[in-house]
Amino acid sequence: MTSTSDTKVCKNQGGLLEIKMEEECKYTTRQDRNLQKNTYNRDVFRKYFRQFCYQETSGPREALSRLRELCRQWLRPDLNSKEQILELLVLEQFLTILPGELQAWVQEQNPESVEEVVTVLEDLERELDELGYRASVQTEEQVTFQEVKPLATEQKPSVSLQFVKAKPGCELAGREAQEEQVSGVETGNEPRNVTLKQGLWEGTEAEQNPASRLAKDALECEEAHNPGEESSGISHEDSQPLRNENGVNSPANSEYAKHQSICPGRKVHGCDECGKSFTQHSRLIEHKRVHTGDRPYKCEVCGKTFRWRTVLIRHKVVHTGEKPYKCNECGRAFGQWSALNQHQRLHSGEKHYHCNECGKAFCQKAGLFHHLKSHRRNRPYQCLQCNKSFNRRSTLSQHQGVHTGAKPYECNDCGKAFVYNSSLATHQETHHKEKPFTQSGPIQQQRNHTKEKPYKCSVCGKAFIQKISLIEHEQIHTGERPYKCAEGGKAFIQMSELTEH
């Protein structure tokens, strides 16, 4: 995959770049649904591949065959290049080595590449800088928060996510109801007990901040697991209701008491709209954007808004002209991976979109839409009741009997009526089976059963049961058109054609 540093950025000359980027943005929007489907299928096959069980197979050869097939469905070597396959493997491993809380946060952003994961983590580090805390995260999914010494006025606090050993006791909280642990907060080199200060987590802005959420959940988890143990580094005073300097209960007291009354990892924050529950209030706030339509992330260039920061980052590529995703077959570059994936189907011949009318398949959805118009053009007669189209007016007239209840075709034997003439013919066969024709019956009816065709055309050799059918057929060779329309004057060879006209 071509890196962004190697990408050539087109300059705006005479407004051409804006038009080109706008067209590409529209093209990408049409493929959003397909991208979501492809991403979901790829993740499903990845999970099947990782969680494959040997006991489900009859032997080692079948197990190997199924593993190969699952791996192929996940990595798609027929569509992806070697660089793209390596990128998928690195992305999976990168998400795996992240601690539970960070992993859950990153996966909520739905990153498509490792670069987007790095961007999300760098944003998190900057937000931790603003809080003035240093977060040191262990690979065993344990987290330790250390307070940073006050720096000089001209110095800016620095924070980074480092892998250090944390005190055992409480697991990291994440999607799978894991819990966090917080070590003693240090000022200088001297450890001291942890106490929540008034106003530390006040305000909606702090709850929405991922960095503050990490620290808050870790502190609450430590309090909930060890409310009165001195060995945990938190005194009995710290497990009591929170009070400010004047002895008044802190605003965070109610949240703290609520957290202590439940088991850690329980989903207690429920959505009033759809009933979905979350372990943290900040996650609920983010989820409510789906119902309220809130889009806090705005593009400074075009003013378009988004619900998630990562989507905004992907959108900005449209304005910068950056095209990091390049096709190895033809060299064409694209601003987004979804557009490249859609383009590569042209080379692979893969066709996902099928026409329900004729079964023809297409690589792109736009091709299917264009093809469907041809079916509509060939069927100009449309039913006003159900919008079904027909290529003949007579067929439309017969179809409308379904809605009106009219049944013009009646059986002479039993009096039963039908909407279509073909239905009547099928019904009459039941009477013919019950009453087979004898030698004394009409000759014409006997020929219908014996399939005898005594009348033969001298020009082409085609045979007919009835003489009138032969006469009408011979008019094709003579060019005679005896049936003429009284209104338009157009002439026809057969009466049925005039009736249809």
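From the backbone N, Cα and C atoms, a Cβ is placed for every residue, glycine too.
Now, the feature entries from Swiss-Prot:
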type	residues	note
COMPBIAS	180-194	compositional bias 'Polar residues'
COMPBIAS	241-253	compositional bias 'Polar residues'
COMPBIAS	437-447	compositional bias 'Polar residues'
CROSSLNK	Lys20	SUMO2 cross-link
CROSSLNK	Lys26	SUMO2 cross-link
CROSSLNK	Lys197	SUMO2 cross-link
DOMAIN	51-132	domain 'SCAN box'
REGION	175-194	region 'Disordered'
REGION	223-255	region 'Disordered'
REGION	429-450	region 'Disordered'
ZN_FING	269-291	zinc finger
ZN_FING	297-319	zinc finger
ZN_FING	325-347	zinc finger
ZN_FING	353-375	zinc finger
ZN_FING	381-403	zinc finger
ZN_FING	409-431	zinc finger
ZN_FING	455-477	zinc finger
ZN_FING	483-501	zinc finger
Residues of the parent chain within Cβ reach of the zinc finger (409-431), under 8 Å, 6 or more residues beyond its termini: 398, 401-402
Secondary structure content, the zinc finger (353-375) (per DSSP, counts of residues): 11 helix, 4 strand, 8 coil
Residue distribution over DSSP helix, strand and coil in the zinc finger (297-319): 11 helix, 4 strand, 8 coil
Structural state census, the zinc finger (455-477) (DSSP three-state): 11 helix, 4 strand, 8 coil
Integer mean pLDDT for the zinc finger (483-501): 78
Residues of the zinc finger (381-403) by DSSP state, where helix covers H, G and I: 11 helix, 4 strand, 8 coil
